[in-house]
Amino acid sequence: MSEQAVEKTEAKLEKLDINEQKPEKSAESAKAQDGAGEHKKRRKRKNHHKKKAVRGISKIFPEGVYPAGEWQDYTGSEENLKRKTDEEKRYLDNKDNAKWNDFRKAAEIHRRVRKYAKNTIKPGMTMIEVCETIENAVRKFCETENSLQAGMGFPCGVSLNNCAAHYTPNAGDKTVLDYNDVMKVDFGVHVNGCIIDCAFTQTFNPRYDPLKEAVKEATNAGIDAAGIDVRLTDIGEAVEEVMESHEVELDGHTYPIKCIRNLNGHNILPYRIHGGVSIPIVKNGDNTKLEEGQTIAIETFGSTGKGYVDYTNGEVSHYMKNAEPPANAPIRLARARQLLHTINKNFGTIPFCRRYLDRLGEDKYLLALRQLVKVGLVTEHPPLYDSRGSYSAQFEHTLLLHPTRKEVVSRGDDY
């Protein structure tokens, strides 16, 4: 990341002014401002260099208490219906207030950054510019260069069209965002290892709106269905029923919208984006039940293709240190041992990408990285594609399964 890129991001943040929560301007107010005339233009030029510093998130919330997400009561059993008022459950919930606050801090950063991104990202930008726009803003709000204390929860994914997941550009990638692209913006923010995993789909051509709406509604159906003691297959069934009731017309053809059945939601552990529990988006017969205290990501993908992804082409960009590595894995290259030290120091088990290694000053590391993958110390996550010519969309939220109620902690006014 160059100093020029950081300065560019800061300037855009200042212009958008997402440090403050201001009411939306009315149409009449906007019209009046547009017609303010040459005097206002001169005044804007005069004040151009009087830029106020972009504040970190702690300056916006000086007391260090961050807003909760959307609360939803549990349903189902009589025990679940009593959770909200049960004194013991409330006591257990309050014991973890520090952890909940870390999640809420990360979620507030995510909301502000995605608002900024939606207003800033335009066709014609390179995918590297798109990712750095988001990543630089996250780091600015987090107020630390210690990426294990706070920062990106995983690389900013910007998968396009039939690529559903795990694409972020490597250095030298010349791909440019197009007006007709369907871009899945999937980025994470963490505070003290509490990771917010939240995603949306950004398009510029309104013809894709029915696809986005289908996936958004399916995600909300999964959120509504999720809860303590809920079977995983029941969540998948709720998502599938809503998703596959939709269709979209493109170029004179009507396409049914299908769940991408081999992509799933998941639980989240400290510093581990995937904790081992997969939450399906189709009915799959898995009777495993969600448990009190879990953090989960309800993540759904809809596609106009076959509804199944695999790795067909494209460079790998996403990597993650194995949380349960093989014992005594042989690392023959000194360069690989050095690279592993860098990974441990800067990421631990948080996913990273090649650009993050570049940012740390690492170079000529591909052979060493391949050896770490080969011996099982690092796992690679290649881009995943549905059929050529298809389009896929994604929405995702992080849920906290409190002892009393569930909290859609990443919920915002946008989705």
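Every residue gets a Cβ built from N, Cα and C, even glycine.
Pulled from TrEMBL, these are the features on record:
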- 1-28: compositional bias 'Basic and acidic residues' (COMPBIAS)
- 1-56: region 'Disordered' (REGION)
- 39-54: compositional bias 'Basic residues' (COMPBIAS)
- 103-300: domain 'Peptidase M24' (DOMAIN)
- HIS166, HIS274: substrate binding site (BINDING)
- ASP186, ASP197, GLU396: divalent metal cation 1 binding site (BINDING)
- ASP197, HIS266, GLU299, GLU396: divalent metal cation 2 binding site (BINDING)
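Positions of the features from TrEMBL, shown on the structure.
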residue : record                               : Cβ contacts under 8 Å, 6 or more apart
HIS166  : substrate binding site               : GLY157, SER159, SER317, HIS318, HIS381, PRO382, PRO383, LEU384
ASP186  : divalent metal cation 1 binding site : CYS156, GLY157, VAL158, SER159, ALA165, ASP197, CYS198, ALA199, GLN394, GLU396
HIS266  : divalent metal cation 2 binding site : ILE273, HIS274, GLY275, GLY276, VAL277, SER278, ILE279, ILE296, ALA297, GLU299
Those binding-site residues listed as ASP197, GLU299, GLU396, and which of them has the most Cβ atoms within 10 Å of its own Cβ: ASP197
Whole-number mean of pLDDT values that fall within the domain 'Peptidase M24' (103-300): 98
Divalent metal cation 1 site shell beyond ASP186, ASP197, GLU396, criterion: Cβ within 8 Å of Cβ centroid: GLY157, PHE187, GLY188, CYS198, ALA199, ALA297, GLU299, GLN394, HIS397, THR398
Sorted by sequence, non-ASP197, HIS266, GLU299, GLU396 residues with Cβ within 8 Å of centre, divalent metal cation 2: CYS198, ALA199, GLY265, ILE268, ILE296, ALA297, ILE298, HIS397, THR398
Secondary structure at HIS266 (divalent metal cation 2 binding site), reduced by DSSP to three states: strand
